[in-house]
């Protein structure tokens, strides 16, 4: 039967009459996949009516150039036999290039037809066995390959061999099996490629927009380089990439950009500035007298308004020295003494207070949650319409309760309702996460007020080393958080032995919301005519003792009527008994106008230093305060450079000196040093635990088939070694069986 089919098939070959039939056949060709034996396929299978225009012959198999057409006779088993054509130029030279990717240049010149009896059947059968898929594409990945007077500009034949379905790369045709040390990329069409092969084609977007094997469009390119992924998505799937990027950002870190617009935003979405909402109480007061007051009413003039805006700018920072100075050390020809300095910021009128963006972090894990709610209601009442408030609660986890919302009448009502509904229970260990979330709210806001701050409300007690040194402990501690230098105030409601009066608490909250001076710096010195001497060190007493500097100290931002204390250490010759004068020059930035204000030097009389032998107990207290404050501040400077031994020696020597002075264990200075020693030991233990030698852990590598294979091999080796170590003889247990 096969011989009959072969005779019937080849008897229908005749010579080609016209060379233009090549062009017609190529125009009718479609990028379809042919089977290996097209003339034995199912009748329903689509067939290619032509064959490639040139054939690269193997040097071991002779192939003459020929031009013929084979038309099969219809039969029940073969209703539509294909029509075969093969044209080559007259001078066909054998080549040894067996690369699977070949580029064929087709000439428009006609070739001389050869005899139809040439032995091309075996070559045709060989080509059918070697090639599985043939696809002809031009530069635009279209089927039509003729342009500019029917001249072929670019022709690419992409084909697969019969064995590259899943085990070879579709680009380099090398082995693409897992475990060979090369990352494998599997496309949506299930074709596999080497990842370096795919990445190397990132320069041309057309090369990777479709699969090099089957031509399927690639849409999921998450494993490709970012530049490649962006170029591919620009061509067809920009919306999909934006959705995926937004999902990834939401998974990593949420963005809080849903803040309410400011009351007088310079740029409004609608194109005009909104009208400020008035207070209901003010409307009632204004509507009390509805009579016409005439044309000459007492309205504030522009000059009066300007004066009101500049009242706080002209206020100086008040600096005073205490009336005592205690000698703390006596050396050869000089003596060291210390004196207290009090700094108070000017008061700020409520009308001139800058709008504030406030984020409150509420601790709902304590037992006295009603105290926290009462304090939060007082904070809400202290805000104005131009202020914005956001609330974050935390217990075992943190949660943002409200976005930044203006405190209008409706805003206050909604905030109070949320505070009334607060209830929680937990261990309160997520305070750091809550503060980070509060800082993220401030960082992601779309519109910004001039002043921002964070309040942390908790009913816990302060348990710190520096707090024990203060005679009157404060229930507010201040610091700065994150790279934005956000002022963060922790209000320790549990530190108050009794409930604070509402007016005292409200006054303190308003002072924390009123930024009086910004970036305050003081330049301290001694008048040259008042004897030789210098300022050696300045230590902060507000909060944790910190070394501020020697002559130029930076105090940062200060709020309305805020008071701070610093301890100034001076050194002067012992023989000089003249009156010494200190000069103070202040410099700060006005928070409203952002103008830099420099003030002239002010002279302060330094009190005469007194030894501790005097009967005044304040001198001994000042000396003890200097010893403990200096030890804590200097130990912290040593801890910053990881000198834990030096810091411990500093604290222990100061403690021994205070014990030598006759202080009892209940003294605040001794308790502060002991608490600082406990903190230092905890920090040292943590530092040693980090630097302690740990078992060698191999570097983690990305999860790939190669890494998984290596991990499996390591586990197998460990299992074999354990089995070998636990192996016993076959006669184990039968030594005393007496065979």
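Any Cβ shown, glycine's included, is placed from N, Cα and C.
The region 'Disordered' annotation in Swiss-Prot falls on one of the ranges 232-291, 292-351, namely 232-291.
Swiss-Prot lists zinc finger for one of the ranges 169-214, 353-398, namely 169-214. In the predicted model, the domain 'VWFA' (357-459) shows an average pLDDT of 88.
Helix, strand and coil residue tallies for the domain 'VWFA' (357-459), in that order: 38 helix, 31 strand, 34 coil [DSSP].
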